[in-house]
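Q: Below are the structure tokens for one structure; questions will follow.
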Amino acid sequence: MAKIGFVSLGCPKALVDSEQILSRLKALGYETSPSYEEAELVIVNTCGFINEAVEESLEVIGEALKENGKVVVTGCLGARPEKIRERHPQVLAITGPGEVERVLEAVQVVLPAPRDPFLDLIPPQVKLTPRHYAYVKLSEGCDHRCSFCIIPKLRGRLRSRDAADVLAEAARLVATGTKELLLVAQDLSAYGVDLGHRESLWGDRPVRAELKDLLAHMAELGAWIRLHYVYPYPHVKDLLPLMAEGKVLPYLDVPLQHASPRILRLMRRPGGYESHLKALKAWREVVPELALRSTFIVGFPGETEEDFQILLDFLEEAELDRVGVFAYSPVEGAEANRLPDPVPEEVKEERKARLLELQARVSLRKNQRFVGKTLEVLVDELPEPGLAVGRTYRDSPGIDGVVYVETDGTVRVGERIPVRILRADTYDLHGVQA
């Protein structure tokens, strides 16, 4: 049977694309190979968001060519085929992000499909995450025009899925053991705008392609629902009642990017120091236990020490639960590249280190507030007898902290258990099964 090697790079949205490609390949009768040597062809799903990601993608393509020789490239970097051909002219085919059919066509040119999918039962969806959690993509593309970002050029304008289609996928996942649904998009709050928030039928029930209505129906499935990448203004307030009612996890991933109003204007992003703090205060009044994650860019062109200090002051006062930080990296094709006053690399790195040092203090302070409390933990791993590693509502897989739990030895992966917190580190918690 024909074997395909597969490498998936980039964000959770790219991971969903990889799962779709692998599921379709499985339906056509292909097997996946864990090694380059055993595979008859390798697919590389690339990332092209920042220069470091581009370089990593090009290096992986080169490695696959060296070890295997037959490579099909897809994903965000595939939207810039000249970049790939310049370094690796021998790749078999290049497709852009989300172009599943073109990937399948490219594979079948080299390796004809082992079977006719119309004559066989379609196998279950291939998942690249553990069985108990899954990413569900609500939309593709983005209509925002942030000056530092080229996602609209790579992935196109906003294209939302019908609500019934999303709910059907979520229901299938929950029926097969998924305990946590992580909803992803470039901007979840824009979901359905391109569809005019039209209705579709889920069973015999009409559901609007609008985030609040979708979530209200999805909550009936009983899984944890976690939201990633929600534009900060103005839609967050509409989602808070669902969190207060326990229908959606009280967790928000809101990329604020900066706190200096001047820098945010250059980024073409909304808000600033005062408006950010006002919004956070209003959200926490509705959902006091709300966990907030955000990402920030330091060293953006024109960022002065004063601008950076505004960001530090904001983080001290905002007390965000989780923070990611990037030193600004010029992305080929981004409008921000034309801005004057670039920040020297050593200054970018120094500011990044200062921000992380401050946030580490904030994170420890926040974590220590949970000592003595009992939290619900979703078990991810059982590394040894009597020990479990899991996550609370505050922790998204792979990017946030974890909870190390002393257990009675009977818990299973995917189970939700009460845990009494005994100790807190900067990013992680330690406790005992209650």
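Each residue, glycine too, has its Cβ placed from N, Cα and C.
Remember, predicted model here, so these are calculated numbers, not experimental data.
Straight out of Swiss-Prot:
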- C11, C47, C76: [4Fe-4S] cluster 1 binding site (BINDING)
- C142, C146, C149: [4Fe-4S] cluster 2 binding site (BINDING)
- 2-112: domain 'MTTase N-terminal' (DOMAIN)
- 128-365: domain 'Radical SAM core' (DOMAIN)
- 368-434: domain 'TRAM' (DOMAIN)
Q: Around the [4Fe-4S] cluster 1 site formed by C11, C47, C76, list the extra residues of the same chain whose Cβ is within 8 Å of the site's Cβ centroid.
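A: The answer, listed by sequence position, is L9, G10, K13, A14, T46, G48, F49, A53, G75, L77, P97.
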Q: Please work out the mean pLDDT for the residues of the domain 'TRAM' (368-434).
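A: Reported value for the domain 'TRAM' (368-434) is a mean pLDDT of 97.
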Q: Could you tell me which of these binding-site residues, C11, C47, C142, C149, has the fewest other Cβ atoms within 10 Å of its Cβ?
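A: Counting other Cβ atoms within 10 Å of each of the binding-site residues C11, C47, C142, C149, the minimum falls on C11.
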Q: Which one, from the binding-site residues C76, C146, has the smallest tally of other C-beta atoms lying within 10 Å of its C-beta?
A: C146
Q: Please list, for the domain 'TRAM' (368-434), how many residues fall into helix, strand and coil according to DSSP.
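A: Its residues divide into 1 helix, 34 strand, 32 coil.
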Q: Let's see if you can do this one: DSSP helix, strand and coil counts over the domain 'MTTase N-terminal' (2-112), in that order.
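A: Secondary-structure breakdown of the domain 'MTTase N-terminal' (2-112): 55 helix, 22 strand, 34 coil.
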Q: Can you list, in sequence order, the residues of the same chain other than C142, C146, C149 whose CB lies within 8 Å of the CB centroid of the [4Fe-4S] cluster 2 site?
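A: Near the [4Fe-4S] cluster 2 site, beyond C142, C146, C149, sit H144, R145, F148, I150, I151, P152, Q186.
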Q: Per DSSP, C146 ([4Fe-4S] cluster 2 binding site) is which: helix, strand or coil?
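A: Coil, per DSSP.
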